[in-house]
Amino acid sequence: MDIPKAGIPKGESVKQKLTLPPHPDRQLCRPIMETFREIVVNEANFVRKCISAESCQDDLWGKLVCTNFKVSFITHNSLPRQCTHRLLGEHDIPLACVEQVVTVNDVKGKQKILGSNQKLKFNPTELILYCKDFRIIRFRFDEAGPESAKKVCLAIAHYSHPADPQLLFGFEYVGKRYHGSTGERVNGVDPGGGMQTTLFDCSSDWDREIKRTGASEWRVCTINQGYFISPSLPEFFVVPVSLADQDLKQYACFFYSQRIPLWCWNHSSGSALVRMSNISDLQQQRKVEQRISSAITKSHPLRSDVFKSDLDKNLPNIQDIQAALLKLRQICVIDPFEESEEKWLSSLESSRWMEYVRTFLRHAVEVVYMLESRNVPVILLEKEDRDLSCVISCLVQLMCDPHCRSLHGFQGLIQKEWVMAGHRFLDRCNHLKKNDKEESPVFLLFLDCVWQLWNQYPAAFEFTEVYLTVLGDSMWVPIFSTFLFNCPRQRAENSRDFASSKSIHLGQDQALRFPPVWDWSQQFSLKDQTLFNNPLYVGKIATCVQNGTVKTFTHSSTLRGLPSALRNGSLGPNDTLARRNSLVLRLRSDLSQVREQQETPSERFIRDFFSRPVDLQGLLLPQLLPSHLSVWKLYFLRWVPEAQIPQGGPITAFHKLSVLTDEIDMLQNQLRQYKGAGGTPNNLHAEHSKMYFKATSTPHQPPAPPEYLSSSFPFSPVGNLCRPGILGSPLSKFLNGAKIWLSTETLANETI
Amino acid sequence: MEKSGSVDSVESLCSSTTTRSDRSSGTRVSDTELRSKGRAIEKVLQCKYTSKGELPLLPEELVQDSAKDVTYICPFVGPVRGSLTVTNYRLFFRCTDREPVFGLDLPLGVLSRVEKIGAATSRGDVSYGLACKDMRNLRFVHKEPEDSLKKSVFEVLMKFAFPVSNNMSLFAFEYKQVFPENGWRVYDPLAEYKRQGLPKESWRISKVNDHYELCDSYPAALVVPVTITDEELRRISSFRAKGRIPVLSWIHPESQAAVVRASQPMVGQNGRRCKEDEKLLQAIMDANAQSHKIFIFDARPSVNAAANKMKGGGYESEDAYQNAELVFLDIHNIHVMRESQRKLKEVVYPNIEDSHWLSNLESTHWLEHIKLILAGALRIADKVESGKTSVVVHCSDGWDRTPQLTSLALIMLDSHYRTIRGFQILLEKEWLSFGHRFQQRVGHGDKNHTDADRSPIFLQFIDCVWQMTRQFPAAFEFNEYFLITILDQLYSCLFGTFLCNSEQQRLKEEVPKHTVSLWSFVNSQLEEFVNPLYVHYPSHVLFPTVGIRHLQLWVTYYIRWNPRMRPQEPVHQRYKELLAKRAELQKRVEELQREAANRTASSSSERAGSPTRSITPVQTFV
């Protein structure tokens, strides 16, 4: 496959185009970003985008365009939209997000799943795109020229299967910047100066992390500079001070992919969390393991022995996780809504997704117990140390370390434990669609685990569930350093090769500077980014004014135990005790049957935790009862019109909280003005407000939530798969159910 | 509040109790007392009780018996030894061998069954099983008294747990607490119909049932079309099951589409007709100029409705009722619901099975029933709101599924019923005055636990309301605690509200005279029950999403006994904290504004006094 060479773009006017006014009327469609080296590959006119399953009266007419970045549908009819994406219009799908391209000829009753470089023997009347973010989009070509319809379908199929990572749009996108006269900030890429997220790509970042966690017996190791020791490790990582570089070099060869064990984090008690791959040389296994363990022990203030946690034995593998997601998608968006109603719960169970979420959370809690209660260092053992360890290590830190629950702390955590530790994002996302066996939504599973924690302790996190959802979606916008590569070395090599093949002079840079996903202004306006800010968040040093003096606003313990009367009088949690058949009427009379069951120490630890008031700035453990984990509806059900709650859902509470938080912010600003600073003009507030929904000028008059709010906000299921939820009365919705167009229904079974 | 508990868990619970009590302390000490007892069914012992070791009693509550060395077999922690006290109102167990100290405190009304299990062991230990109406089962072990003449504490318990079966009166008739509010005055039918804006030209309030002669399970005040005479109503009453004729529940303020409730028509196998009944439905349709149709919602599955013809009942034929369209809503009968609740109890208590939780839950069909009820109500509300069409709702007798549907539809249609007082009016009207058989369905004080008339109909309704509060967190004035309080007091028999089967019975028993209304208690401390997120929009119709994906098990009610229950409502708590913070800041800003204004005033007067100074603009901060 060959991407046509682009002409030299026309200079600096790009940025203007990027920041189009978000007004929906004026924004008919997102223009093709020529100056980004985005090139139209093929297009077809008079295409109909299906909006409704039952009738075509709501369908949109327009032009279907395939570029080297996205599938675009350009239409003059616009649907209401709340949140605009800077790179993608409302009808756009990045090619990386296309999971499957299905062409149908309904006259001949034919269908074909298209891959790269394939032929199509019939003229398609219909194109269905199954997307990785759970959308399903359908176009009809009744009025389009049969040849151009065929061509555009083939182009979409071809370009969504890039043969080489360098054909991913990110390279063009970033490469562009080096052609500009000034070099910097052409695409608005912030070279890192303005970002507060630690990327952990230099040794000073690690030094700071060592200081922050008080890990004085650990040091930054630089032996992998230039990636000479291990191909999948970062250039800088942290090791026990007692291990000399010479020893490490010697041990490296015994580990899988020469991955020397990596320090993740230190508990405040001094216990370290370390991740380690398997030792490939069995003869050396004991010796090497012992050396490593004793070095970790030496770095512990109490010289405690190391606890090893074998993740491969206790957790589902990546194929299991992938299979679970496919089943979950089937029941969420592909099975007809009404027909799957009755079996929803058992289908959900048999997908095993929720079970896996729970297993990961539970395992992380076990590790937390070792660190927190037993005060021993923990090694996470995984064969390659590049998938399950990422999840567990992050969850442990999220539970223990409030810093990780701030926005920048969380982003730094993902940099540290995923990007730098070499999670194979390229393979797991299957951006090249080459090896389906390697595809696995490990990162999405992690996000779901975080969402469960967030859902149980919403005030403990600086970010919102919209943030988590958008972060998950960003995996499919292939321009971010975060999700494009399998490890830092691959990024360096690929970008070096790309640069030399395109005669790009990197100047001082060692490699192309891809924007990290954390540079959110690549995707969203500042206003839209405020949707990430959680109005409930109780920050570490959130201050409040009491009696004229500024005091630290500590979170009260009254959060828990409300209403106290609803709590059981019984002592401890232990759901492994009596089983269900201990119902009174079935009990035998002799007491000997009932003896005090043995509670494991970790169960006792959990029980103790739940009997204390929670400190949102301290340790957080999730409730692990299956009845207390929920489906992440915003992520999984946002595209299903029938599953939408018009003018309802958690967003309505979010709206009220935002407005109140904004009012408080406003009052605090006023106070600050009185306190000397004086000169700050009043109107600054509106611009700097951290809340998406702002206070009105008349406080005490609670503003009604805007009409457009729904449980899917800020996403809109309109135009995705089914009928628009906003049309028609709820009655027709209930009566008719969602007869998802039959052609796809049968298709889905054959193709997925 | 004294603190004696040395363990964190007890302290934390006590402190949260303290905050609750403090709000009304001083003015209503007795309420506070009551609240800490009345609302709780099982709870951690309040510290002040444990320190003194004595049981605080309600007015007129008397200790009947107590025993030491009773063992409570806690399903979560195993056997706990302690002492058991039985009063005429409650069962009180206090453990003596454990830290932290804990106990059980439950109203006897919550018990549905008390049973000796098996024979005594060689050591003379006897097991007792207590099945509760609130999803729990308790088990105790106790040594039989050696003196066979002396009654065991559990025999005393059996006597007081089922006063109706033992010819005694329910505790509600003894309880003489005085509250500042009188809950019996919450509902006045005439005022309520006036609030609805009943148009006099098309509807009238009939006195035909003033003495409950037309229908003994209906209220005295009935609203019917003006064109139908009382004589015709009498004839209709013989055509409708139990004489429950079609009468108005609610009328749309703009379209005048009406929600009408009834029981099934006595069509029978021969297709009996009643021309007055047909005329009545026509008159209901005519009273609404917006539509030339009327919808009849039969809550039952069509098979059940047809089967009722064998027993003389049935449903309206579209031949006889022109312009009427009949829709079946497929909601099952009280027996199916009872069975579903039984299965649910098995799944949620005491422990939750980890691996098959979701399929176990599905197999109870509980959420499916909830879904059908909500879906039916949604269809009714939609017909009235979007279709501007009047509807008639009935099931068989019109006192179980019918109030579930009408009251839920009314909550969707009329924001008044989403307020705390409005919701009370709704319950008083649709459930109590229209004769939902609370006595039979709950079985107050009756030991006959296998009674086929028991069924969790009202519980399902509250569950549906809870589902709606989840979907619309800012649309209801009340919080979850309000709903749980209603359910707890439904069983407790502390208040008179849910006693008897009909308005007529309650009058005969002089319930309002001899008992306290639950609303007296609730309305005397409204702040406990307020949802801080509530926004009142007068004309906002709620259409919930009834898909099973958006229904969830009410874990904070059904699984609340599990000690691993997650503390709820952090959002509400946080919101209240933020409100307090805002108030504080506002106060501070106002103070500073005043200071600044004073300063400005004084400085400008100074300047005025010194004419040599040039006049410069005064800098203000406001």
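Easy rule for this one: first residue shown is 1, then count along the chain.
Here the Cβ of each residue, glycine as well, is placed from N, Cα and C on the backbone.
TrEMBL does not curate its annotations; it predicts them automatically.
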Given ranges A:1-22, A:419-440, A:485-506, A:683-704, the stretch to which TrEMBL attaches the annotation region 'Disordered':
A:1-22
Number of Cβ atoms other than its own within 10 Å, given for A:Ile318 (substrate binding site):
21
Cβ neighbour count (within 10 Å, all chains shown) around A:Asn317 (substrate binding site):
15
On average, what pLDDT score does this prediction assign to the domain 'Myotubularin phosphatase' (A:200-636)?
85
Three-class DSSP secondary structure - A:Ile318 (substrate binding site):
helix
